[in-house]
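Okay, structure first, notes after.
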Amino acid sequence: MSLPKPPLTELEKIVGYSFEQQGLLHQAMTHRSASSTHNERLEFLGDSILGLVIAEALYQKFPKVAEGDLSRMRAAIVCGRSLAKLGKKMGLGDFLSLGQGELKSGGYRRESILADAVEAIIGAIYLDSDMDTIRQVILNWFEPQLTLIEPGTSQKDPKTRLQELLQARQKPLPEYDVVATQGQAHNQQFTVNCSVEGIESPFKGTGTSRRKAEQAAATAALEHLQESA
């Protein structure tokens, strides 16, 4: 028997925003496994808003930095792992509405679900307020990352870093293959294998787009190669 979820008013305190339309927050915390009124459209909206706000903040902070470094810094800040870390810090798993299958498999701890919930909250706050309000909320959430981040190779995305690591070791480039897709065309979940020469089993990654799944698989490969170096 699952424990009752805390009231969403507690979540409002955590995220730093009080909703006029409580239904938006409820929808943002509802996974597609739990209801047909789920958070994926809000996630889509929040993803775009988050990217814009972080891009604008980096553009203003680094007036002389080239586009490539700006893109890499933005990718590092808004990547799935970064969003999942924020979602865990907020305790979003305690507030999520999940179907029985996801509950049994520990979906409230899954990084992809937590990251999607963060983006859905952003979309919900935007619809409940305006661009200025959500901009300030996002800047408050990501203030530590925006303060510490600097241009450089450490901000390159996982696929780029994996490619450079393999090239440095004089190995062929990795190969990415989509091995499974779930869901309908507008809300699919992708599973990708990343194959590296000399390693028998491919590295798996999942995500709501092929690109996200490839980055997740590349991250798994990087971690293995760095640990075994």
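Counting starts with 1 at the first residue shown.
Each residue, glycine too, has its Cβ placed from N, Cα and C.
Taken straight from Swiss-Prot:
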type	residues	note
ACT_SITE	Asp47	active site
ACT_SITE	Glu119	active site
BINDING	Glu43, Asp116, Glu119	Mg(2+) binding site
DOMAIN	8-130	domain 'RNase III'
DOMAIN	157-227	domain 'DRBM'
REGION	201-229	region 'Disordered'
Pairwise CA distance, Asp116 (Mg(2+) binding site) versus Asp47 (active site), rounded so that it is a whole Å: 9
Largest tally of Cβ atoms lying within 10 Å of a Cβ, found at which of the recorded positions Glu43, Asp47, Asp116, Glu119: Asp116
Distance, Glu43 (Mg(2+) binding site) to Glu119 (active site) (CA atoms, angstrom): 5
Residues of the region 'Disordered' (201-229) by DSSP state, where helix covers H, G and I: 18 helix, 5 strand, 6 coil
